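These features come from TrEMBL:
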type	residues	note
TRANSMEM	24-46	transmembrane segment
DOMAIN	40-288	domain 'G-protein coupled receptors family 1 profile'
TRANSMEM	58-78	transmembrane segment
TRANSMEM	90-119	transmembrane segment
TRANSMEM	140-161	transmembrane segment
TRANSMEM	195-219	transmembrane segment
TRANSMEM	240-259	transmembrane segment
TRANSMEM	271-291	transmembrane segment
Amino acid sequence: MINATMLGSFTLLGFKDSSAKYRLTLFALTLLCYIVIIFVNVALILTIILEEKLHKPMYIFLCNLCFNSLYGTAAFHPKFLFDLLSNTHVISYAGCLLQVFFIYSYATTDFSILAVMSYDRYLAICRPLEYHSIMTKQRVAFLVCFSRLVPMICQSAVVIMSSKLILCGFQVEKLYCENWSFIKLSCYSTTLNNIVGFFVIILYCGHALFILCSYFQLVTFALRYPERRRKFLQTCMPHLICLTNVSATLLFDVMYARYGSESVPQSLKNFMAIQFLIIPPMLNPIIYGLNLTQVRNSFFRLCRYKKQVEG
């Protein structure tokens, strides 16, 4: 038995079957993806901050979503890029716990923000006359804080409980640290950890149910009032695409971590494990930037203004 607090480091087994040539190619692709993620998210955040007419609840929540993408990917990509160029793939005990906290607080915050955005769209389309009286500055600030603090509290509880475990191993089966791999190393029963984990899962299934109910109302309203259909398609379809994107990638990761087959190739395991850290952060700002006319026009106007200033 190994006391978890005495462990110096964990070995990441996700790299075990990768050749040096394969890792170099993957390094180039990952670096390119990370640069794109930083560029598109920072561009959208700056566009919303600098353009005063975008200082509205929907765009504030979108800005929060982009900031969360930068927060989550920063916990994975730099370490992953370093490991791709290294011959030893280890992470310290403290670093492992921090990675668990940051990556999974990012994932759950994404879900919370998407739930808040669905509530905002429901009010804007189904109850437009009441929208401004309900969605006040105080309410917007509360919803932004809710979408960030609740996931952090949940993940803090998960990480603190995991840090108390007595471990019988130090090999993590992924490219990064995640809580299920950590729990599987425990020498003793993890019933309490599982209960807390299921509570968190149920909480975010509640988020998903809330989003589905909101969209049911939105679709019903759009079908009943054709004049509202255009607004629904313009502002809700990007949100629905982002929701599907995040939900599908997270579901793949959670289900495979618990029920995945050992016969699956390591490269496919790795892709399934990291897709939610690459696909949603890269596509969400692009989807919103291309579909929301005000965001797209403001971005191009700011680009033209910058060229005029430099000229």
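Residue 1 is the first one shown; counting continues down the chain.
Positions of Cβ are set from backbone N, Cα and C atoms, glycine also.
Listed as Cβ neighbours of the transmembrane segment (24-46) (distance under 8 Å, sequence separation of 6 or more from its ends, same chain) are residues 18, 62-63, 66-67, 69-70, 73, 77, 80-81, 84-85, 278, 281-282, 285-286, 288-289, 295, 299, 302.
Only residues 6 or more beyond the boundaries of the transmembrane segment (140-161), in the same chain, are considered here, and those with a CB under 8 A from a CB of the stretch are 57, 60-61, 64, 68, 97, 100-101, 104-105, 108-109, 111-113, 115-116, 119-120, 179, 192-193, 196-197, 200, 203. Per-residue pLDDT, averaged over the domain 'G-protein coupled receptors family 1 profile' (40-288), rounds to 84.
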